[in-house]
2 protein chains.
Amino acid sequence: MVNGGAMSGSGNLMDFLDEPFPDVGTYEDFHTIDWLREKSRDTDRHRKITSKSKESIWEFIKSLLDAWSGWVVMLLIGLLAGTLAGVIDLAVDWMTDLKEGVCLSAFWYSHEQCCWTSNETTFEDRDKCPLWQKWSELLVNQSEGASAYILNYLMYILWALLFAFLAVSLVRVFAPYACGSGIPEIKTILSGFIIRGYLGKWTLLIKTVTLVLVVSSGLSLGKEGPLVHVACCCGNFFSSLFSKYSKNEGKRREVLSAAAAAGVSVAFGAPIGGVLFSLEEVSYYFPLKTLWRSFFAALVAAFTLRSINPFGNSRLVLFYVEYHTPWYMAELFPFILLGVFGGLWGTLFIRCNIAWCRRRKTTKLGKYPVLEVIVVTAITAIIAYPNPYTRQSTSELISELFNDCGALESSQLCDYINDPNMTRPVDDIPDRPAGIGVYTAMWQLALALVFKIVITIFTFGMKIPSGLFIPSMAVGAMAGRMVGIGVEQLAYHHHDWIIFRNWCRPGADCVTPGLYAMVGAAACLGGVTRMTVSLVVIMFELTGGLEYIVPLMAAAVTSKWVADAFGKEGIYEAHIHLNGYPFLDVKDEFTHRTLATDVMRPRRGEPPLSVLTQDSMTVEDVETLIKETDYNGFPVVVSRDSERLIGFAQRRELILAIKNARQRQEGIVSNSIMYFTEEPPELPANSPHPLKLRRILNLSPFTVTDHTPMETVVDIFRKLGLRQCLVTRSGRLLGIITKKDVLRHMAQMANQDPESIMFN
Amino acid sequence: MVNGGAMSGSGNLMDFLDEPFPDVGTYEDFHTIDWLREKSRDTDRHRKITSKSKESIWEFIKSLLDAWSGWVVMLLIGLLAGTLAGVIDLAVDWMTDLKEGVCLSAFWYSHEQCCWTSNETTFEDRDKCPLWQKWSELLVNQSEGASAYILNYLMYILWALLFAFLAVSLVRVFAPYACGSGIPEIKTILSGFIIRGYLGKWTLLIKTVTLVLVVSSGLSLGKEGPLVHVACCCGNFFSSLFSKYSKNEGKRREVLSAAAAAGVSVAFGAPIGGVLFSLEEVSYYFPLKTLWRSFFAALVAAFTLRSINPFGNSRLVLFYVEYHTPWYMAELFPFILLGVFGGLWGTLFIRCNIAWCRRRKTTKLGKYPVLEVIVVTAITAIIAYPNPYTRQSTSELISELFNDCGALESSQLCDYINDPNMTRPVDDIPDRPAGIGVYTAMWQLALALVFKIVITIFTFGMKIPSGLFIPSMAVGAMAGRMVGIGVEQLAYHHHDWIIFRNWCRPGADCVTPGLYAMVGAAACLGGVTRMTVSLVVIMFELTGGLEYIVPLMAAAVTSKWVADAFGKEGIYEAHIHLNGYPFLDVKDEFTHRTLATDVMRPRRGEPPLSVLTQDSMTVEDVETLIKETDYNGFPVVVSRDSERLIGFAQRRELILAIKNARQRQEGIVSNSIMYFTEEPPELPANSPHPLKLRRILNLSPFTVTDHTPMETVVDIFRKLGLRQCLVTRSGRLLGIITKKDVLRHMAQMANQDPESIMFN
């Protein structure tokens, strides 16, 4: 818009400001970008390249390269994000096992790799091979007994503490932005906020390393959310290589949206779900071109990860499952119950976690982040080790809970009493009575569930990278599996009850407890994040069949409704509010009957709006105005009496223009008249040389009338991505509304303290 | 906005217009809606319900019902759309077979059903059973020989002509809007245009019936596009049952977007693809809430269809395929070639079809639609019958082409020479040399391909329901299968060539011709419609595996790039332009350097803008102005001298308000002063009673300055869905830009004749 407006003034050759001067068009840290202006700048750039491309072959090739750079960036993001995800998976695998023991043939092998490469391994004893030694075997040559157990227990805690300490120290020292899941901040950045360094190279490096450390330490957190942050860092890095993206904050955000999709794509092996996640949950401005490119980046990332093959199963998917039996209508009831559980858990988690994080921010607690991490890690390790379901890594746990019990399954959860006469094929095992192992597992799962619920509340938000997807899914999967086993046993023992009679004859395989675990996981994830379509699609990509989409949808819908009844905010929005980021949510509906005049500044009783006049203020006047106020820009009017608006000048550009003019243009002194018109005003003969500033004047500022409903104003701010909007009545300038005014007003209307929500 | 603005004037109890009068807030046929206003009206309605709901339990229940009505509508749409799709499938199945013969046990059985129900059928002879009689058997008791062939040929042509004649007559007489695919018109309607009756009940009924007829007649068209229209008619029908949707054109369009998703969902059995199709291709305003609901509607529709089970295979999917072998990097080259073919076919088809349709519009040809349909049907039937690949229904053809050759396949396309020593499992058949049947099939396919290409150009656009998905896919599948067989034979006979050596050892199953057919189908569909993500997702849902997504993407991307190089418009946009619908495409980028002042009216030399003054015009003045002009509304200014804008009044509402006032308010005569201010102007003592019209004044008209780049203006029109926008300079009203002005300007900039594109 600045450039567009300047065109008409470009006839004047004397106007040195027509040459761009450095730093024009950039933003300061913690400021909001102007989407319309960024778009306009990109179109200008594009026009320039197109017209130049006809001049020579070299320019034509350059224009082609420019047109293709978007795809190249996507390819690079996909490759790097996929590679990083693969490396993280492999490293986590190894380091998680390191807490238990070490491989004698090569210390960098994980337990599984160690026994794979060993020839002495039989299929039955996949987990046991002489090359893999527990710490007790290695150190005191004992594999059984109380002292061995205690030694292993201690080593487990020591490694966990070491990993956690390393992680928190690295984050503290090198990259404070590497902590948390990063999704709230990425949402804010994508909505147009500038947080320098949040997606920087150091953050990328440190987050990748510390992510491995914290996941291996056994803390109740996941790597999925932080992977989105890591992918966005990759996106930021590659977009800085191409001037098309590095010099335009709007275009850069298109790349970041696609990178977020790639992040989810590698986190779950769900490319379509990743794109929908980016669309539904993260992105702000998502043109269709971006949709297609995001999809490309997500696919490249997924295939890169698959060729690294960290799970050793040629699968894209973290928790690949195949179920063999359909579900029945009557099962919808427990599925909906799981949805209710998910919604309640979501509400509970958000409330408690936000309360704890607020406490951390406001009390002394926040001053000892390293100590906090150490204490939580110690507690986690101490409580987790004795219970097999908390000792193993959370994603293994989820995987075990999702899986259906095959005939060969050795898991405790599959300890059913077999009918000796059974001669069915492996895939079609009828429902059986539960054995002692299942009952033990139920108790252990119940304890693990309570532990997970409590510890996750305290873990999420510490100064380490921490994702929420996996713990939420684990909570849901444990609850779901228990409900599933309950329903299964009920159906087995009471198959004559009316509700079971129609679909569960004796000897039939009618209940799949693994499906309940999956439904529970979806419900809990939905309750915490309030994702809907993307959640169901991610789950659909995990199972790869439309069969189970109805149970998943029923649970996801119920969970969202239940959770929404207690509060509309998902965990990410709640953290955005807690941190006071200026985020204007597309999903919030503004339904109050206020008008622009109620929100604009100056309010009644406040001093009048600081404005510039088009041709009567001196350089000194303006410098004083800039010094005395901290507004980001000033409306320019014809004269103070008529108050007729002609344009808007940015503070930053005014300062730069005056500085430049004073240094480089002759005759500019403090009482030079500044003018924004095309022709200089008529001045007395001996007055100093005037300063023309039309170049920096935005001739098309956005205006609304004072009677415009705030609902419309909010809509305009959201859809056009404005920074500010001027308010007029019958052509007279009355006031200004900034994005922060809008946010403050929305908070006020929702009965929140408006001052609590501003970024500080 | 009208209501919002009126609030401040509502203190005056004398102002009878505060009571709504009938028809306010509706639109005339072929007019564009004002999205901001519709949204504002909905918020008002919502506010009213929320505040009322606290008054009594009954009101509370009503408010709950209102909140749930969205989901109820979606459920109903899904159920009806799924049912209709199932009924259409069954009827098409039966009537297509009716062209060949009849079932003796029950004439309403299709060939397949007839032989299923017969006990004498063996698995080998699925197609032959005594109960199913060809026409020659039934009429002259001959099943073989030249005369039987000719009789069957004649019966085939006769039935085809009968079906086509019935279809075109029904469309002509009862529902002229039922012709075509409907997608261009639905896109236009969703963008905010009113075409009354286009989604009416008659259209629904006639389109459903005639769709069955034309598909059965064997014409080169598909039912997938029209199913979207049918689903949207269902959506319109159900939304008319709930005042929330029937009285608000904006909300109604949310329902229609979801209905379009349900339509694609049942057309292909691809719910996620349907939602993405609606998002990418059809919809204009697609808030996230709609995304979730569309998904729900699409799922309900898909499951309804599945429970009807028209394909008899419990599959959701029309062309379910499973491939057993992976694809290899070297195959990307033929896949990309297929992409190029798809792009070229898309360009060729669009150019020729549009030229032919333009001819139909402008010459005598358009006056004989029935004759045209009869002639095309006759030609199609005559040429199609001798070739087995054009005689069978197009979706069966595609299904056959997609399928991999199993060991039991009896198709001519699978006539390979088997190695007698082969003892491999059924699923893993190595590449074999082609037998005579395959070579015959290649010739027949080549002829069928040429025929399909030519005839589809003339078929699409006739006055019958006609979809383009299936013919495009058929063209691509035929080309793809031929390329696939070619590559397969090349690889078999030359497995020592460098390109084959790495991945295609003798005895390996390395090339899957069916996959080539699928890739070709995606490429051709992409070339014609320019779908991207939704296309790949639909194809992904057909195969149900991420394995083949890279070939599909490579072909889709290539096809889009090749086609875009010849022209950016897809077939639907081309038809929108041809018909001159006022459609502002979200995807078109406007990159010219024009300003609002270049587009606004009045232009230089034109008479000044027709405006109303706030308190000095009489009723007669206004009536004269309304009579003499045909503008949709008039800006209201303080006075003609100052030209300071205070609001905007709609023509329709001015007329209604004056009519109402003259009838019902005492003392209103032709020279009553009309005033838009809050207080009546001071008038001489004996002047007639003034008429207060503040109620209908939009106090927050949208304004931009004359220096605003058109790029920004186009963006504002698109994102906010405006009808018009006023242009000011330093607070003075200069002119007006309407949506049509914007469209005309865009056409001018693209070197099109601006007058040719307007709806007439």
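Backbone N, Cα and C atoms are what each Cβ position is placed from, and that goes for glycine too.
Taken from TrEMBL as is:
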DOMAIN    B:600-666  domain 'CBS'
DOMAIN    B:697-755  domain 'CBS'
TRANSMEM  B:68-92  transmembrane segment
TRANSMEM  B:153-175  transmembrane segment
TRANSMEM  B:195-215  transmembrane segment
TRANSMEM  B:227-243  transmembrane segment
TRANSMEM  B:255-279  transmembrane segment
TRANSMEM  B:332-356  transmembrane segment
TRANSMEM  B:368-385  transmembrane segment
TRANSMEM  B:441-461  transmembrane segment
TRANSMEM  B:468-487  transmembrane segment
TRANSMEM  B:515-540  transmembrane segment
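Tallying C-beta pairs under 8 angstroms between the transmembrane segment (B:153-175) and each of B:195-215, B:227-243, B:368-385, B:468-487, B:515-540 places B:368-385 first. Outside the transmembrane segment (B:68-92), and at least 6 residues removed from its termini, the chain residues within Cβ reach (under 8 Å) are 110, 208, 211-212, 215-216, 223, 227, 230-231, 234-235, 237-239, 241-242, 244-245, 255, 258-259, 262-263, 265-267, 293-294, 296-305, 308-311, 393. Residues 153, 156-157, 160-161, 163-165, 167-169, 172, 217-220, 360, 391, 451, 455, 458-459, 462-464 of the same chain, all 6+ positions outside the transmembrane segment (B:368-385), place their C-beta atoms under 8 angstroms from a C-beta of that stretch.
Below 8 angstroms of C-beta separation, residues 264, 268, 270, 272-274, 276-277, 279-281, 321, 323, 327, 334-335, 338-339, 341-347, 349-350, 398, 401-402, 404, 468-469, 472-481, 483-484, 487, 546, 548-549, 551-553, 555-560, 562-564, 569-572 of the same chain, each at least six residues beyond the ends of the transmembrane segment (B:515-540), sit close to that stretch. Within its own chain, the transmembrane segment (B:332-356) is flanked in space by residues 453, 456-458, 460-461, 472, 475-476, 479-480, 483-484, 487, 516, 519-520, 522-528, 530, 550-551, 554-567, 569-571, 574-575, 578, which lie at least six positions past its ends and keep a Cβ under 8 Å from the stretch. The stretch from B:227-243, B:441-461, B:468-487 that makes the most Cβ contacts under 8 Å with the transmembrane segment (B:255-279) is B:227-243.
Remote same-chain partners of the transmembrane segment (B:468-487), defined as residues 6 or more beyond its termini with a Cβ less than 8 Å from a stretch Cβ, comprise 181, 220-225, 267, 331, 334, 337-338, 341-342, 345-346, 349, 389, 394-395, 397-398, 401-402, 413, 434, 438, 442, 445-446, 448-449, 452-453, 456, 459-460, 511-525, 527-529, 571. Helix first, then strand, then coil: DSSP counts for the domain 'CBS' (B:697-755) stand at 24 helix, 19 strand, 16 coil.
In the predicted model, the domain 'CBS' (B:600-666) has a mean pLDDT of 87.
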